[in-house]
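Student: I have a structure I would like to understand better, so I am pasting it below and will then ask my questions one at a time.
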Amino acid sequence: MLIALLPGDGIGPEVIAETVRVLDRVTDQLRFETAPVGGAAYKAEGHPLPPATLDLAKRAKAILFGAVGDPDCDRLERHLRPEQAILGLRKELGLFANLRPATLFKELADASALRPEVAGAIDMVIIRELNGDVYFGEKGMRKTASGRREGYDVMSYDEDEVARIARVGFETARARRGKLCSVDKANVLETSQLWRDVVIEVSAEFPDIELSHMYVDNAAMQLVRNPGQFDVIVTGNLFGDILSDQASMCAGSIGMLPSASLDASQKGLYEPIHGSAPDIAGQGKANPLATILSAAMMLRYSLGLSAEADRIEAAVATALEKGARTPDLGGKLTTTQMGDAVLAAL
Ligand code: NAI
Ligand code: MG
């Protein structure tokens, strides 16, 4: 199975290197091809997402992405900036479902932003719709009748967009604890009323899943008060952007959090949620676990290798249990030594 490796900039290549070592240990079914992306691609080829890179991403069964972002490129025109590469990939590949698991390894309980008595129960996946909502609606700046400036962004969803993300939610819940919470603001917003109606319609296909609905403001509160009640949350682009960042704070470090962006089939792009971290690039300080855990998601969701995914996640837990810590977790291990600790656990 062909995997596109897009290491990118800054710590991207460092964390991808450790992840490939781990993947090679758990399976011999993968074939890797590497292509430049982001600032690295701009410097080599004059564009952050060169045609050959996009072509590789299209041909591959899954994409493992490091991070993009390079301070040298800050003054470029917007369409040439490294960050455009990830937006371009999401759009070109139709990646509409963003899955972010939030799990707190019990060994890292002291690093969580939540009270210890509730932090331990966190084990959820937030599913954020990625191609619609207020980010993609009509937007602009205009003058009011009295000559004041007015900015506007139109929030819209059509029923097909809601139905396809709802199905990802139900299917994810089916593979987990069977509970789906749909988050909206149906008491105020028309888009949310449609969202709720369509989620209920789709639920007829999934009678085995326990469906609940929650307003987004209450969901923000419940994430802090009692996060253990959530299994899978499905929500729109804007609400998901905010709630997933909020939930990530329970996991202790940004260096721990994986993500997947999926299309309508099994294809996906897998990446840590962090960026290129130019402040620590090239120093061996980056925590590779977010990328290693992203690779586990890739095995599970795109490649049908669930047992191998379980092995990687268990090895990460074992490494942490044995005290393996990079500087972001309060330790002294280098990126490579953290990779070694996971390999030893495997
Ligand atoms: P960042 O996530 O790169 O770094 C934020 C802070 O967290 C830094 O202090 C960094 O050292 C630390 N950090 C991040 N990942 C870490 C890891 N694996 N281990 C240990 N420490 C880690 O976010 P920042 O600084 O806002 O952005 C840097 C660049 O990355 C920018 O150009 C930004 O646009 C880009 N970016 C790219 C993303 C992507 O490729 N999907 C996502 C977020 C930011
Ligand atoms: Mg965000």
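Just so it is clear, glycine is given a Cβ too, placed from its N, Cα and C backbone atoms.
Okay, so TrEMBL annotates it like this:
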type	residues	note
DOMAIN	2-342	domain 'Isopropylmalate dehydrogenase-like'
BINDING	ARG90, ARG100, ARG128, ASP217	substrate binding site
SITE	TYR135	site 'Important for catalysis'
SITE	LYS185	site 'Important for catalysis'
BINDING	ASP217, ASP241, ASP245	Mg(2+) binding site
BINDING	GLY275, SER276, ALA277, PRO278, ASP279, ILE280, ALA281, GLY282, GLN283, GLY284, LYS285, ALA286, ASN287	NAD(+) binding site
Student: At the Cα level, what's the spacing in Å between ASP241 (Mg(2+) binding site) and ARG128 (substrate binding site), rounded?
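Tutor: If we compare the Cα positions of ASP241 (Mg(2+) binding site) and ARG128 (substrate binding site), the gap is 7 Å.
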Student: Looking at the recorded positions ARG128, LYS185, LYS285, which one has the fewest other Cβ atoms within 10 Å of its own Cβ?
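Tutor: Relative to the other recorded positions in ARG128, LYS185, LYS285, LYS285 has the fewest Cβ atoms within 10 Å.
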Student: Restricting the comparison to the recorded positions ARG100, TYR135, ALA281, which residue's C-alpha is spatially nearest the C-alpha of ASP245 (Mg(2+) binding site)?
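Tutor: That would be ARG100, the closest of ARG100, TYR135, ALA281 to ASP245 (Mg(2+) binding site).
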Student: Other Cβ atoms within 10 Å is the metric here; tell me which of the binding-site residues ALA277, ALA281 scores highest.
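Tutor: Result for the most crowded candidate: ALA277.
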Student: When you measure from each Cβ to the nearest atom of ligand 1, which of the binding-site residues ASP241, ASP245, ALA277, ASN287 fall under 6 angstroms?
Tutor: ALA277, ASN287
Student: How many Å lie between the Cα of ARG100 (substrate binding site) and the Cα of GLY275 (NAD(+) binding site)?
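Tutor: Cα-Cα, rounded: 15 Å.
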Student: Around ASP279 (NAD(+) binding site), how many other C-beta atoms are within 10 angstroms of its C-beta?
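Tutor: There are 10 such Cβ atoms around ASP279 (NAD(+) binding site).
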